[in-house]
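Student: Encoded as structure tokens, here's the structure I'll be asking about.
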Amino acid sequence: MTPKQLKEIDSKRKNLLLLITYGISLAAALTYSILHESGTITVTVFALQILFLAGYFVVLQFILKKPNLYVYFAIPTSYIIMGIWLFLEGSNPPDLVILLFLAVISAIHFNPVIFGIGFTSGLAMLLLNGLLAPKGDPIFTELFIPSLLSYVLLGIVLAVVIQLNRTQFRQLQEFIHTTENESRKKEEQRNFLQKELATISGSIQQINEQIQTHLVSHDEMKTAVNEISAGSVTQSDQINNIALVTETTMGKMEEVAKLSDDLTTHSTDANAIAVSGSERVMDLQENMIELKNIIEGLHQTFKELTSKIEETNSFIGSIQDITDQTNLLALNASIEAARAGEAGRGFSIVADEIRKLAEITRNTATRINDNLASVNAVNSSAVEIMNLSSEKLNENVGATGEVTAYFTSLREKLDALSNEFQRLTTTASDVRGQTEEAELSTKELAAVIQQTSAGLEEISATIETLHGDNRTIAQYVQDTATSAARIQNSVKA
């Protein structure tokens, strides 16, 4: 309740008190005047005061809703009517008592302005009553001075009471104002606290939702990492198998190099035999035709051997291609391990490709082995033919100069074959070196994949730890949200 409202309620109550108190007094005086036939003027004065007093009350308090103005009309009107009555009826001792009563009535509202008007008007009428009193009236003379003193003392007492009341009312207004300010501040604080709690509650709810989303993401990450880790283990096994195949291939290439060296040695020996046969060409004249056929067969045999060796070279090229593709796939596997996307699907594709290349490598090695076997067979056939040629040379001691030309051609072919075997040896050595590098790279890749698998296991453990921590945080956030909701509900209440 504001001070203005409190003041309005106080005015209404005091107006009612004034109406009842003064109305009863006037009604009693009116009744007394009628019963004792005090005269028309006296009856009219009391009746008018009652009429004005009640009329002002109804109009100002109920119709115009201006209760604060009631006392400003009621008190002056009463003194005006009393003044008119004094002039019309003259001085009367009972008027002294009425003036004292009016002074008290004017102080009911504790309004210094109204009290000043009433007290001054009453004092003036009291003095006027003394002036208009009959000369030599002992009763009036005895009552006037005490009445004047009583009126003045009553005015002083009422003034002090009014001042004390104003001080108390001012303190009450200050107290109410302070209370209102505190209440308003508390209301603002309550609204602010409620708003902030609502904001905190909403934020906590959003945090809780984010944490729940993170928990789901952590579950998915954990599943993906486990799948990637399993794929890495499988891929590591496959890389180890590839390394084993590469090591086997390198062993086969060493055998090829050794066989090439042996073929070179045999070619050198055959060349020496051809030189020796050239010296004894005169002894081969009788068997020239047969020796020619034998040499042609030998030439065809070595031609097939050369073809096989060339095919072997193409196989070595395939091995080189396989080595390059293996390196590329190893690089792709490293990239897939870093990305770890979509539950290891990339690792599965790379693993399939690696298995295919491993199969090609095994087939190539098998074919190399078969061709080398063919080389050995052809070489054996060449040796047999060379032995037969040697026998025929022994038989053809008397060969002609044409046989010399054949032996010269044979020597040239043997030189060329020796050069081809040397090239084969060099190529085999190069392939062996590259195969060693491929084996080393494959082992390094296997080690990297193993390290990656170990890292993925550590990541999985870390994700599991984070998952547990997030669940704990989610529970704390949920408890905090519940507490905030309880505080918010208590603030609303």
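In case you wondered, yes, glycine gets a Cβ from its N, Cα and C as well.
Just lifted these from TrEMBL, have a look:
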- 219-467: domain 'Methyl-accepting transducer' (DOMAIN)
- 16-35: transmembrane segment (TRANSMEM)
- 41-62: transmembrane segment (TRANSMEM)
- 69-88: transmembrane segment (TRANSMEM)
- 100-128: transmembrane segment (TRANSMEM)
- 140-162: transmembrane segment (TRANSMEM)
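Thinking about packing and proximity, how do these listed features fit into the structure?
Tutor: If you take every residue in the domain 'Methyl-accepting transducer' (219-467) and average the pLDDT, you get 72.
For the transmembrane segment (16-35), same-chain residues at least 6 beyond its ends with a Cβ under 8 Å from one of its own Cβ atoms are 42-43, 46-47, 49-50, 53-54, 57, 70-71, 74, 78, 101, 105, 108-109.
If you look at the transmembrane segment (69-88), the same-chain residues 6 or more away from its ends with a CB under 8 A from one of its CBs are 11, 14-15, 18, 22, 41-42, 45, 48-49, 52-53, 56-57, 60-61, 95, 98-99, 102, 105-106, 108-109, 111, 114, 117-118, 121-122, 125, 128-129, 132.
For the transmembrane segment (100-128), the list of distant contacts is 11, 14, 17-18, 21-22, 25, 71-72, 75-76, 78-79, 82-83, 86, 147-148, 150-152, 154-155, 158-159, 161-163, 165-166, 169: same-chain residues at least six beyond its ends, Cβ to Cβ under 8 Å.
Distant neighbours of the transmembrane segment (140-162): 91, 93, 96-97, 99-100, 103-104, 107, 110-112, 115, 119, 122-123, 126-127, 129-130, 133-134; these residues of the same chain sit at least 6 beyond its ends, with a Cβ under 8 Å from one of its Cβ atoms.
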